[in-house]
Structures are given as structure tokens and as C-alpha cells.
Amino acid sequence: MASDAGLREAYEPTAKLEQFYSGGALTLLAGGLIACACEETIKVVDRRSGAVKFTLPGDGSAITALACSPKGDRIYTASRGLQLTCWSTSTCKAVRTWKTPKAPVVHLTVDASGGLLGAGSADGNVRVYDTDGFFCTHSFHAHSGVVLQVVFQSQQLWLISAGDDGSIVLYDLVAKKRLAALKGHFSAVTALALTPNGWGLLSAGRDKTAMLWDLRSHARLATIPLYEAVEGAVVLPPSLPVLAPLAPSLGKDHVAFAVGGERGRLSLWRTDTSQCILPQPSAAGSTAAAAAAQAGEEITHVQLEGAGELLVCSGDGRLSLYDLQAATPQPASSLPSPHTLVSNLDEVTDLRLMAPDPATRIPSRLAVATNSPHVYLFDISHNADSAQSQQPQGDAALEVSCAAVLRGHDDIILALDVARGADGTGDLLASGGKDAKVCLWDTRRQVCVAASVGHAGSVTALAFSRRSAGKWLVSGGADKLLKVWDTSALVQAVGSDEARDAGKPGKLQAITAVATHDKEINAVTVSPNDALLCSASQDRTAKVWKLPELVLQLTLRGHKRGVWAAQFAPRDRVAFLSGGAQLMSTGADGLLKLWSVQSSECTATLDSHEGKVWALDTPTTSSDAFLASGAADGSLVIWRDCTAEKREERAQEAVAGAQSRQALANALQAEDFEEAARLAFQLNQPARLLSVITAAMDRGRDRCETLLRGLAGAWDVNQLATALAAAAKWNTNGRHCHAAHALLRAIFLEHPLDDVEKVRGIGDTATALAAYTQRHLARMDRLLRASYLLDYTLERLHVLTPLDTLGGPPLQQAAEKDAAVAPATPEHSSEPPQSPMVAAVPSALRPAPAAHTDEAQLQGAGLAGTPHTNQEASAQQADAHEAPLGSGAGAEEASMQSKLGAKQGSTAKKRRSEGRSSTGKRSKKQAALDDGSAPVGQAEPGPTPPPSAVHRPAAHAATSVETPKGSQQVRKPGKAKGNTRSSHKPIALSSVKKGKGFSDKQNRRTSL
């Protein structure tokens, strides 16, 4: 078993091809880019690698037209949803969007100055828009059908349009009128191009002709028969090297042009002689055109950039770029080989990596089979930007470009395999498809060297011999047959001079054929020593056969559904990677999973596909530094082993983490909360950050806010997401909600809402914050309302002292004033003595005694013998006492109090009479007390200060109340026993007797 040091831990995509064009509009951009319509979006790709640089989202409907400004800073799009949009290529955002009336726009063009935008619609109208104000400046209706082409003639500010009615119309934008109609085509005009001097116009259409027009005289100068329906045409500048031999012989006002159409081949023509500069393909006539159309090879777009790069787009999504500046062919020669981009692989059915470099172990070629009758060969090279960098060659990003398209099958290709040697190199490729054909290809010369039809159904699986490097080939198909083919002679002849001279592909000879399974065969694989063959079938079994006789050795049962893959372990072990210690699998979820054989656990998951992954391959059985995968979404990814880099990164992160944790501990020890908060957030330790924020809040709100604002001000969008997630988690706990909201306050003070809206998942985070915040607010509201009951209870027990009577400058000034004006107290005064605490309170802040209120009035008011706990009532009594006698306020208040006392006294008498009727006889002394008069033989007591003026220092202190002579000294407990509600009921001291209202024990305690 391989050691842990040799195990693969991670792979990263080093090159990726994905769909970027789905047909329709496309245009060349400045800076080596191409803008392509991909269903409802616009994808901008690099011309060399085909990598998607950025994507414009669109408006949700199909894109119908594209145009680019001359500077390349703007892209104009039109959609089937009747919407025009101006995009900025620097910000990838829409600058302006506006609607078009009635019908979709089919073609867009921008004039040389970039100030005008021309749009041809499906309703036959041509409109011109100002690109600064985005308003319509001109509108013309001249075609009876769809407007297919629109171009500007900038010298006279003319506009030229062509439609499917076969007419070409000129408009004068200055005079805002129609100049002329050029008629000569009998079918739709699909291409318009101006000559270099600007006064000639080339038109081509589906009537298989091209015409040259003089715009000044509106005359037709030449008619060129093209023998094919044309979809695109461009005029070639005479300065191009490819036209250098023809420039002297071209007539005046005549040009050379390139056209492409239904035959799928680009051709060059001259207008003076109506001859083809480059010859057409050998096949001619409608049969060749129909075959090209069926194969998706017809040309749909031809565009020329000013630098001399010609773009040709075919119906199957291939973009071919011809560098005409570098080509110097003689007449009657062929164009240089184009650089090809495959914009849409559709569904990848199989792939194989080929010819790895022995030094870097990087494969140099990739063969891909899709649901088409062609095999695509991709060249894998180092990215030019990465090659100039300081990265090692093996670590640089790779660039994948289509090198060739192998044509030989008549239906979809289902299986591929490569005859690899011990070092993984091999140039012999085998392919099998639904046409029941097996083809062998020489990938160096890109030709088919042998083909044979030996199956009665689709060929679904292929496998070359391993040890003998392609000595024979095994094929399996939907007809349930296994066949062994002799390929030894072909392997030796690949790349030789004999193979180059052979024009026609040879035929394969079958060595053995056996009917094997009950259903179609899905996969075949050969053991590393070429001794055994394993076949997997849809009948839920896998069978092992002896090679090359195909003798059955073993039948493997256990699967509940069809078996789609089988693989022999290298060196007789069960593994794919790391010398037998790991497996790599693919699935319908678009994921690649790396498994450990020893622990049966998934150690890594690779995600770069959006569809089912049908194909997976490594360069050799001994080299797994690179992988290639293909999926049903048309994406193709080359993976590079990055285990060493990941381990190095983890080691560095561990060292940095240890240093940061030590620095965090030091900062906490020194109470440097700013540094501690920064380190805690950097280490992704929300619990430690919470403790730092809590400690800072204990030191003061201002310090905490300064700390958090300084911390939040340096966060980006990703860090904001982390902070908001932590705040949402803290907010779920009532003990930590204050820290959470302090952090939220700092975030919203330092970052605008636009930045917060960019946070991923902000909606869910905001919902969680709002839910728990409402709970916290409700809890605080309940606590606040409950505190009112506590205040009321303490006030009724007279254990609260107003804050303004406890000290401060007002208290000191009032005390000094009382000391200056107050007369000396006589030794024998009728006033009862005051406690030192009450005496220390100034009279201005102390409630005055009710001088004209006797015991009967207090008892009638229900306040006899009860502490006056209402502070407002005490203040009113103090105001009434301090007011001069006979004053309006004092007299009126005294009258109101007298009336209130009389009313409450009558109520009290009524209650006492009811009590006498129920309790029987009462003593004369008790009756006298109830009536408010003194008993017989006892003098009337003097005025007594109200109980509210007596200071109670503590809530549980005993309260002593002065009573008339003969009454009991009652000790009222501060903490009631029994029913708490009855403990707050006022007790009339005049009615308290021994044995009534208190127990004997309490009376004894009171007498003490």
C-alpha cells in the first residue's frame, strides 16, 4: 500500500472548455476577444484559448443581435423580448436599456464615430439611435420583409439596409430621406460590405450570386456567380499578403472578397474577372451542400477585423480564425490552417489523453468524442502569460485549442481508446459509434488508416492491449458481441512513409468473436498483463475472459442495475491512483470523488461540471498527475494534482496561525482590545471575538464603538459575510445580543447599504437577525413593565427616598438657609422630636406636617396611622403648609382636602356601623377612638407630623409611630408575613388593641 506521503489529496482545474456560443449573433471585439450569444446571455471569450473572460446576463430572452463600438468599450445587444441594452465592457454592467416597438431587432451596427446605432427589425423598419442620449433619431420603412443587414457609409452619413425581399435601400441621414433602391438579387441578401474607398458596395445572398455596386451612380458594376447560397461575405483589403500577387492585376474599383455558405468551405473571389482565387473543394453540387448541412458544417458568419484576422463560424459551433497577415500563399493555393475554437461540445461521451511529455508528464493532446460523427483533437499547451511568469512549467496554466476534426463516421461516436506504450505515448486512436463502425486514426497526420464494420449494432466499448502497446483491439457493442481485432501492423505503420503514401483506409481483421451477455455491453477493460478481459453489461453482471481466445473465467454478480464501468487494478491492486491506494469516480451529480481504498472514505471532491460526467481518463496507468473529464453539459476540464502545494499552504497556515494565536493571547493579557479583536477575526474565532467585545463594552460604550468601527471599516464583502454570520449566531442568545447589535451598528456605520446587499446570503441572515431581535425587544419590554410594579411596591412600603433629597448642591444650599433662619427649639416643646436624618433634610425639600388635620380627619380619609408614601401628595401638603394663610392657593387646597376628608370619613363611619351590627357591643373607649375623640380623662394630643416626613433608611427596618397617650407603641414589620396583599392594607393605629390585629408575641415585641 502506498504511504500517506504519496497519496493524492487535491486536484484543481488547470484548463477548462465550456459552451460559450449557441448559434446566432456574434462579433469581434478589440483586445483579442469575441462576444457570442449563448442562449439568454452574452459570453466574451479569448480568441486564442476559448476561455470565458466574463458573462453579461441579458434580459431573460434569446439574443438576436450584437454590435460593438469602435473603441471596444461598449457592447450593444438586442433580444427577442424587444429590448435594446448598452453594456460597458469595463464594469460588465448595463449602461442603459430601452424598448423597441413591435418587432425584434435582427441586426445591429455602429458607425465609425461610435455616436450612432443602426437597427434593422423583423417588421421591415430601420431605426437609428443616438448612443449618448439613447433616443431614436431616424426611422425608415422600406422593406416588405425582415431587415437582415444594416451598414453605415460614414463619408456621406448614409445608411444602407438589405432585406429578405432581395432589395438594398440607401438612406440619407442628413436629409432624412430615402435615396435609392438597388435591385438585382432574386432572394434574401445576407451580406453587405463596403469597399476600402467607401464608394463601392458588395452584396451577396442566397441566390448564389455576389454583386458590386457604385453608390454614387447606383449602378451595378459586376455580378459574380458563386454556385452556393452565401451567408457571409467580406471585402479583403489589397494590402494583405495573401492578395499581394493579385493587387497589380485587379481592375479599377474592383476588389477581392471572401465568402462562405452552405458548402462549409471558405473561398476567395475577385470581382473583375469573376474567378475564384482559391479553388473550391472537389465535391460540388447539391449533394455536397446537403451533406455539409447535415453534418452542421455550413458557414453562418464571416467577419474581418482590421488587423487582418478573418473569423468564420460554422453551423456546429466551430469558430475558425485565419491570420491573413501571416499567410503569403501564391494564387491557386490554399489558405493557412486556422486556429479553431469549439464553442459547443454538446454532450461529451468519451475522451482520451495522449502523448504526455516525459519531462513534465503533461499530456500534449486530447481526443474527445461527442454526440456528433466527428472526433475532436485538442492541442494542450502552456498559456503564454504563464510561460512568461516565474512558475514552474508543470504548474503553469494550460491552454486547450482545437487542432483538428477527424471525419469518418456517419453517426454519433460512443467510445474511444488509445494504443499507449509503457511511457504513455501513442498516436493510434480507435473510435466506435452508432454506425456499427470501428475506425483507427493516425493522430499525427489526422487521417483514418483503417475501418471496418463488424458489429450488427452500435459499438459501445473499445480497449487496446496494454503491455504490447496496441497489438490487438477489443470491441463490444449493443449486439452483445465481443470481438478481438488484429492491429499490430497498423501500430508499426503509423507515422511511416508507407502510411503516408496510402490514400485509402485499410480494413481490420477480426481474430475472435463471442456472444457474451444477455444485454448490450457498456464497457470493456484489459488487465495490465494482457491476460484477462473484463466486460460490463446492462444485464447487471460483469464477466472476466481469457485473452485472446475469449474463454469465460468468472461471472461477477451483485449489481442491482446495469454495470457501466470496470477497471483492473495496476500491479494487481484495487485502485486507480497512487499506486493502488486510491480511486477516482464520477457520477450523474457532476462531481468527481477521490476515495481511499484503505479507509473507504472520500478524501476529496472535485466540482467543475454542471451535468453528468460521462468520461474520465489519465495519461498512463503509472502517471496520475493530470486527469481529464467531460460531462453532458459540454464542458471539458483538465485537472492537475496540487497536493504538494496544498500541503505547503497548510504548513504555512499552521505556522502563521500559531503566531497569531500567541499574539492574540498577548493582546488579551495587555488588554489591547483593538489588536485582540483584529486577530480573533483573522483567526476566524468568533467566540474569542465575542469575549473581546464583551470586555470592551465593560470598559465603556465609547471605547467599544471605536474598536468595532475601526475593525469593520477594513472589511471586504467576504469578511462582511463572516461578521454578519457571527452576529446572527450571537443574537440567538440573550446574553450575547448586546455584543451582536454593537457589531451590527459598527457595520452599518462604516459600510453603505449597497455593500451590505452584495453579501452572499444577506436575505437569510437578515431574517434570522430580525426574528431574534424582536424576541429580545419583547423580553426587554416585559422587564420594563415588571419594574414599574417593583417601584410601586417599594414606594407603598416607603423604602424609597427621592434622589433629589439625598445630597447635592440644592440640598446643601437649603440646609444652610434653614440653619440661618430657623429659631432655636425650646427645651419643652409640644413638637415631637425628629430623628437626626429627618432633621438634616431642609424644610424646602421636606414635606410639612398637616397642622389642621386631626386623627379623625386622617381616619376618615383612610390614612390614619398609615405612612404617606405618595410623594406627590406630600409635596402638595408641603406647598399648602408653606403658603400664607388666607392665600388663594392654600385656602382652596385646604378646602378640597377638608371635603375629601369628610367624604372619606362618612364612608369609614358607614363601614364601622356595619361592623358594629356584626360584632355586637363595643367598649366606650373603643367607640371614642373610632369617633376620633380622646377617652374620658385623657387630654387631646397635640399636632403630630405626618408619617411621610419620617425617613425610613431601609426596606426591612421596623417602623415606630408616635401615638396618643394610652395607645400602644406598634412595631410594624417591614416584611409582611402570610398574605402579601393584606400586608399592604392600611391599619388605623387608633383601633389596634392587644389581641386584635397582632398576635400576643407581636404585642410583647411591640411593648419592648
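Using the three backbone atoms N, Cα and C, a Cβ is placed for every residue, glycine included.
The compositional bias 'Basic residues' annotation in TrEMBL covers 908-925.
Among the features that TrEMBL reports, compositional bias 'Basic and acidic residues' is placed at 997-1008.
Annotation comment: TrEMBL describes 809-838 (among others) as region 'Disordered'.
Annotated region 'Disordered' per TrEMBL: 861-1008 (among others), in sequence order.
Summarising model confidence by region, the repeat 'WD' (140-181) averages a pLDDT of 92. The feature repeat 'WD' is assigned by TrEMBL to 140-181 (among others).
With a threshold of 8 Å between CB atoms, the same-chain residues lying at least 6 positions outside the repeat 'WD' (182-223) that come near it are 145, 148-151, 153-155, 158, 160, 162-170, 229-235, 237-238, 253-255, 257, 259, 269, 271-272, 274, 302. For 182-223 (among others), the entry in TrEMBL reads repeat 'WD'.
Under the heading repeat 'WD', TrEMBL lists 406-451 (among others).
Cβ atoms under 8 Å from those of the repeat 'WD' (452-486) belong to residues 414-422, 426, 428, 430-438, 440, 507-530, 533, 535, 537, 545, 547-548, 550, 621 of the same chain, restricted to positions at least 6 beyond its ends. Feature annotation from TrEMBL assigns repeat 'WD' to 452-486 (among others).
According to TrEMBL, the repeat 'WD' annotation covers 514-547 (among others).
Among the features that TrEMBL reports, repeat 'WD' is placed at 556-605 (among others).
Under the heading repeat 'WD', TrEMBL lists 606-639 (among others). Outside the repeat 'WD' (606-639), and at least 6 residues removed from its termini, the chain residues within Cβ reach (under 8 Å) are 8, 11-19, 344-354, 356, 361-363, 366, 368-370, 378, 380, 394, 398, 400, 420, 423-424, 466, 528, 570, 576-578, 584, 586-594.
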DSSP puts the residues of the repeat 'WD' (182-223) at 0 helix, 25 strand, 17 coil
